[in-house]
Amino acid sequence: MSGSNLHSSGELSHLADEESENKTPLLADLRLWAVIGIIALLAAPHFFYPVMVAKVLCFALFAAAFNLLLGFAGLLSFGHAAFFGFSAYVTGYCLQSLGLTAELGILAGTATGALLGLLIGLIAIRRQGIYFAMITLALAQMVYFVCLQAPFTGGEDGLQGVPRRSLFGIIDMTSNMSVYYLVLAIFCFGIFIVYRTVHSPFGQVLKSIRENEDRAISLGYDADRYKLMAFVLSAALSGLAGSTKVMVFQLASLTDVQWQMSGEVVLMAVLGGIGTMLGPILGATIIITLQNELAQIGSLTTIVQGAVFVACVLLFRRGIVGELSHRWNQWRGRSIEPASEAQESRSEV
Amino acid sequence: MALLDIPLPVFMGQLLIGLINGAFYAVLSLGLALIFGLLNIVNFAHGALYMVGAFVAFLLLDIMGIGYWPSLLLAPVIVGLFGMVIERLLLRPLADLDHLYGLLLTFGLALLLEGAFRHFYGVSGERYAIPDSLQGVFNLGFMFLPVYRAWVIVASLIVCIATWLLIEKTRLGATMRAAVENADLVRAFGVNVPLLVTVTYGFGVALAAFAGVLAAPIYSVNPLMGSNIIIVVFAIVVIGGLGSIKGAVISGFLLGLCEGLTRVFWPEASNIVIFVVMAVVLVVRPAGLFGKAA
């Protein structure tokens, strides 16, 4: 059985490439969007509660890290909460019990994500498709039980009241505003890493593995090594996102490491658009906003999330951004099929 | 040597709990294996449907006064029919797409079902009494064995063996196995393959509901009971080899026992022992214990 991935169905195969290839102004010009986005985000805390916007940024980074794996390497991990949550615990522990400065705590969390990603990746990479999803899920559940029982995690209570240590020992982090701008800087850095990865020779190899693993192997690429590297990178960025979450909320808890969190990040990416740069960011924004609106009735959040999931899979598998850019291309009279064919023939060269 | 200083009743008691858990694992992973075999879908909603089965039994008793024994048959039928509706309306449109979409859709379905029951019944759970005919305990000399727990093990074994016989020894089972190998060819012989798929999904789901009814008197009937067990069952299915009926049943019982044994010697590790076994099996035999190599 050859590796099945989300893009072999053909329907989605053009998605990731549309952005990099087309020169369509509105949705695809990432530089324009980046500038608008950064200006908006710099101004945002003056209009909204900064902690809330920072939360959206943390989860947007998490979703982008997850999407790096699913959208561009075709690997559906159902265990990303492990990296997000466990790194949050490590950062929390470093700040609270070891008294490290903010940047060291975040670094420790990111490194933990990468290391955990290497361990889980080495095992999970042996199987593909749905097996891969189930194995990552099971291994992440193992991490959950470790967090539940390990002495440093505070069990059911989690780590509460984690102090916001100063950055480099100089810059005060106690105000919500300063934490917001730290998170914004980290977010931009993380998204830039994802963007550079996708648009690098390494990213091209990943895409070729996603499209046709056997052919990539026959061309001499060590597919498993590339997939493992993508997995570790995605895990490290998820860990970075988890670490920033601790800085914002001063809290690391079991919610961050539960498998429902792994599902949530999948939902964010699917809703926004798998394999697009903006999709996960938009998806995270929608889901977090939704959760805040429905927070009073916990069970309702689950129902709505489930319904959104079902609707996404049945009705718009491209996600919002994917669907919009697809419509935009159709409206401009561009046929999608020749584009993806051209892409394919190019990748053969 | 009294087994490393552990009293025999404690030891046997944990082993028994392991065996009972193993019975649930076996019935659940058997349903998953069946559904995967014909639909190529990992039914993420399996745990939620197990929970629904328990709730249907509870509601039958609570609203209509229908007791345990009729429920043991009725609840799986009701949930099975519900599953067939799901298959026709939601899963059929995804049949030609990548398998991951089925996983995502059933995941959403699991959230929906869990959220809905949590909305109406909270998380505290409802009690479901052991039927009078299964009250009491057997005295085995070294320990007391509750009758109901013995019944759970026996009932699961019967269902597993019956399903295995159905798949391996009957004409229907032969058709199913043929449809797994080559659906187009089987259809050319005049078999209604889409109907076969629908019925298989319904049957797999009914197995989950059956496990749910069996579990109702042991655990409280709780909206979250499915999400706790499903990931363990996934790990067991990976260990057994996803396509294999035999692998699902045998590894289900074995890993239940393994979990029970761990609880005796190192209680803190009992929650993760199955995942550790999974990791080891994957390193040694990536296709699972009973799976065919890819």
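These residue numbers are counts, starting from 1, taken along the chain as shown.
Keep in mind that glycine also has a Cβ here, set from the backbone N, Cα and C atoms.
Just so you know, TrEMBL annotations never went through curation; they're auto-generated.
TrEMBL annotations:
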TRANSMEM  B:12-36  transmembrane segment
TRANSMEM  B:48-66  transmembrane segment
TRANSMEM  B:72-91  transmembrane segment
TRANSMEM  B:100-121  transmembrane segment
TRANSMEM  B:141-167  transmembrane segment
TRANSMEM  B:195-219  transmembrane segment
TRANSMEM  B:225-242  transmembrane segment
TRANSMEM  B:272-291  transmembrane segment
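Counting Cβ pairs under 8 Å to the transmembrane segment (B:225-242), the stretch among B:12-36, B:48-66, B:72-91, B:195-219, B:272-291 with the most such contacts is B:272-291.
Proximity of the transmembrane segment (B:48-66) to the transmembrane segment (B:100-121) is established through 3 or more Cβ-Cβ distances under 8 Å for residue pairs spaced 6 or more apart. Among the stretches B:12-36, B:72-91, B:100-121, B:195-219, the one making the largest number of Cβ pairs under 8 Å with the transmembrane segment (B:141-167) is B:12-36. Here the listed stretches are B:72-91, B:100-121, B:195-219, and the one with the most C-beta pairs under 8 angstroms to the transmembrane segment (B:12-36) is B:195-219. A Cβ distance under 8 Å defines the sequence-distant neighbours of the transmembrane segment (B:195-219), meaning residues of its chain 6+ beyond its ends; these are 20, 23-24, 27-28, 30-32, 34-35, 37-39, 43, 46-47, 49-58, 68, 71-72, 75-84, 86-88, 91, 95, 125, 128-131, 148-149, 152, 155-156, 159, 163, 175-176, 179, 225-226.
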